[in-house]
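What follows is a set of notes on a single structure, which appears directly below.
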Amino acid sequence: MSRVVSLLLGAALLCGHGAFCRRVVSGQKVCFADFKHPCYKMAYFHELSSRVSFQEARLACESEGGVLLSLENEAEQKLIESMLQNLTKPGTGISDGDFWIGLWRNGDGQTSGACPDLYQWSDGSNSQYRNWYTDEPSCGSEKCVVMYHQPTANPGLGGPYLYQWNDDRCNMKHNYICKYEPEINPTAPVEKPYLTNQPGDTHQNVVVTEAGIIPNLIYVVIPTIPLLLLILVAFGTCCFQMLHKSKGRTKTSPNQSTLWISKSTRKESGMEV
């Protein structure tokens, strides 16, 4: 997707058990190296005008072979929370901004107690896991679900507006999280070991693969093209001058040899008549 900037993962971070021990960068797909667990991508937009609706987020994930995030259990919820915590480390420029997940309600105007049961996952998952904020879902015209991410907001009745879920109008503009099937034999993966928890596991060492690094080099190479051209021109000019001087010396040497006169006295007596 053109509006998602693909960036490389940052350096590994030190952390304790249960934390996702790596700086997570917006637009970077993160995969487990055992290729048995899902991959994820956090799509964060600093500019509010670049954020997307629920349907746009859903289509963006599907266009890359993924789905809008579904959560199977609390372990997977905690994993996503850890990734978001590393996404918002000081200095990254990432702050407030909720994230679309794939939960939504197909129906209009339900406000009864049965409303929470009408929510379903857009990828077809049968997971019944929910992590609603206090007094949510509010139903009515709010049919699509976000994961709260408001670290600078004052706590509400249910505590800080972090990681719990809230239903919102589907045309509102937010960030989003994609989920992908485990990658099989990915192209040129770069593996770096560090500690993390897999969904459903506890305190286990895992190697995570950084996917999509080669395409991201485009963002590094393109800005350097003018400099590379300048260096190439300077190098070519230098080589031309050296070659020209070398040819000048080569031409001078034979001319000098033709003007050389022997100091020996020629014997011409034999030529007298």
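Cβ coordinates are placed from backbone N, Cα and C, and glycine is handled just like the others.
The signal peptide feature in Swiss-Prot is assigned to 1-21; the stated evidence is sequence analysis.
According to Swiss-Prot, the feature domain 'C-type lectin' maps to 35-179. Taken residue by residue, the domain 'C-type lectin' (35-179) breaks down under DSSP into 31 helix, 40 strand, 74 coil.
For CYS178 (disulfide bond), the same-chain residues 6+ apart in sequence whose C-beta sits under 8 angstroms from its C-beta are LYS29, TYR40, LYS41, ALA43, ALA60, CYS61, GLU64, GLY66, VAL67, LEU68, LEU69. Here Swiss-Prot flags CYS61-CYS178 (among others) as disulfide bond.
The feature N-linked glycosylation site is assigned by Swiss-Prot to ASN86, with sequence analysis given as support.
Sequence-distant neighbours of CYS144 (disulfide bond) (same chain, 6+ residues apart, CB-CB distance under 8 A): PHE54, TRP100, LEU103, TRP104, ARG105, ASP167, ASP168, ARG169, CYS170, MET172. Look at Swiss-Prot and you will find CYS144-CYS170 (among others) tagged as disulfide bond.
Sequence annotations record features per position, and here Swiss-Prot assigns transmembrane segment to 217-237.
Here Swiss-Prot flags 238-273 as topological domain 'Cytoplasmic'.
Listed disulfide-bonded residues: CYS61, CYS170; maximum Cβ neighbour count within 10 Å falls on CYS61.
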